[in-house]
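Record features, source Swiss-Prot:
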type	residues	note
BINDING	GLY8, ARG11, ARG91, ARG137, ARG140	ATP binding site
BINDING	GLY8, ARG11, ARG91, ARG137, ARG140	CTP binding site
BINDING	ASP21, ASP23	Mg(2+) binding site
DOMAIN	228-329	domain 'HD'
Amino acid sequence: MKIYLVGGAVRDALLGLPVKDKDWVVVGATPEEMLNAGYQQVGRDFPVFLHPKTREEYALARTERKAGLGYTGFTCYAAPDVTLEQDLLRRDLTINALAQDDEGHIIDAYGGKRDLQNRLLRHVSPAFSEDPLRVLRVARFAARYAHLSFRIADETLALMTAMTAAGELEHLTPERVWKETENALTTRNPQVFFQVLRDCGALKVLFPEIDALFGVPAPAKWHPEIDTGIHTLMTLSMAAMLSPEVDVRFATLCHDLGKGLTPKEFWPRHHGHGPAGVKLVEGICQRLRVPNDIRDLAKLVAEFHDLIHTFPILKPATIVKLFDNIDAWRKPQRVEQIALTSEADVRGRTGFEACDYSQGRLLREAWEIAKAVPTKDVVEAGFKGPEIREELTKRRVQAVADWKEKRCPQPKD
C-alpha cells in the first residue's frame, strides 16, 4: 500500500498558495484493508474513506470509463492493480494531475509542473470531453487563477468549444451549473468565468440572457465601452473589488439584462430596461434553482439601479417608498448591497473606474435617518392598527426631507 497527496493541494503548494483541503490516493489496497486500518468508508459509487484522525479523504486508485450521458455516466474500476499514473490520467487538467509521495517527491506524469510554470490550463487526455462539467470547471479555474496570468491552452479551448457544439452541456443538471457558477462568483476575477464560457460558446447555452447583451449598444456619452455585454463583465469585475458577497456579484451580473430585450430601432437607448429585466432574472434563477435570497436581491437591483443613480433629486417620499420596496425594514443589509451594486454599475465603465459614487453615500445616510424614526413614539401617541404604519411613514418622510434639505439643497427657481 502506497499513499500519495494529489490534486489541488499539490498544485497550490507549488504555486505558493495556501493549501486548504488535502486529498489522498491509495495505491495497492483493498476496501477491506482500509477498513481494518480504521478508515471509514463514505463513497458508494467508488471507494472513498475518511482517515480515522484527520478525517481527510483517502480514495483508492481507480480508472473510469464512460458508460452513459452527462457527468455521472461513468463506470468506476478500483482495485490494487490500478497504478497511480492510471488514476491521474482520468483527471481534468495537467495541473490537477500531480501527486506527492511521503518523502515530498513530486510525481508528474503529464506535464503539470511545466504547465504551472507556463501558467497554462491544459487537459490531461481526450477523455476530458467525456465530462461536460469540465467546461465549467476550466472556466472557473481560469477565473480563480486569472490574477496569476493563467490562460487556457488553445487545444483545450477548442475541445471545450467542440463539446459545447455537440450539445454535451445539455446533460448538466441545474444544481451543478449553479454550484460551479456560485464557486466562480467567489473568485477574485469572476468575470473571467463568463468570458471563457462565451469564448467556447457555452454562455449562449447556459446563460442566453447574458449572452444576448453582447453587441447591444448603449449611449457612448454614458458608456464609452458601448457594448452592454462588455459593460456587464466590467461591472462584475468592479463588484468583485467592492464586495466578497455572491449576492452582490450575481445581482450586478444581472442588473442590465433588460437591455437585451430592447428592439433594435430604439438602440442605443433602453427606456424601462430595469423592470423589463426582472422577468429575465426570474427566468435564470428558476432555471438554475438559485437560492431565493440571491434571486430576490438580483430582482431588486435590476428594477431599481437606475433610480439609485438619481438619488440626489429623488423626493423624500420616493426615498422612503424605495426602502419599503426593498423591504429594508426587515432586511437592512439590502441597503448596503444595493449601494454596492449601483456603485459597481457606475464604475464598471471605461474611464469611470475610479470615479466617486456619492449616490451610495446619500443612500446610506438617508437610510440611517429613516430607520432612526422610533415606532414606539407613534404607538405612544395613540395611533392604532393601519394608522401606525401611515403615521410612521409620514414621520420617516419628514425626517428624510429635513435631512435632504441640508444635505442636497436644490437650486431655487
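Here the Cβ of each residue, glycine as well, is placed from N, Cα and C on the backbone.
Note that the structure is a prediction, hence the values are computed from the model and not measured.
Overlay of Swiss-Prot annotations on the structure.
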residue: GLY8; record: ATP binding site; CB count, 10 Å: 17
residue: ARG11; record: ATP binding site; CB count, 10 Å: 22
residue: ASP21; record: Mg(2+) binding site; CB count, 10 Å: 10
residue: ASP23; record: Mg(2+) binding site; CB count, 10 Å: 16
residue: ARG91; record: ATP binding site; CB count, 10 Å: 21
residue: ARG137; record: ATP binding site; CB count, 10 Å: 19
residue: ARG140; record: ATP binding site; CB count, 10 Å: 23
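The average pLDDT computed for the domain 'HD' (228-329) is 94. A coil conformation is recorded for ARG91 (ATP binding site) in the three-state DSSP classification, outside any helix or strand. A Cα-Cα distance of 12 Å separates ARG11 (ATP binding site) from ASP21 (Mg(2+) binding site).
Apart from GLY8, ARG11, ARG91, ARG137, ARG140, the ATP site neighbourhood in this chain, defined by C-beta within 8 angstroms of the site C-beta centre, holds GLY7, ASP92, LEU93, ILE95, ASN96, PHE141.
Residues of the domain 'HD' (228-329) grouped by DSSP class, helix first, strand second and coil last, total 78 helix, 0 strand, 24 coil. Within 10 Å of ASP23 (Mg(2+) binding site), as judged by C-alpha distances, the binding-site residues found are GLY8; the full candidate list was GLY8, ARG91, ARG137, ARG140. ARG140 (ATP binding site) sits 18 Å from ASP21 (Mg(2+) binding site), counting Cα to Cα. The binding-site residues close to ASP21 (Mg(2+) binding site), defined as a CA atom within 10 A of its CA, are GLY8 out of GLY8, ARG91, ARG137.
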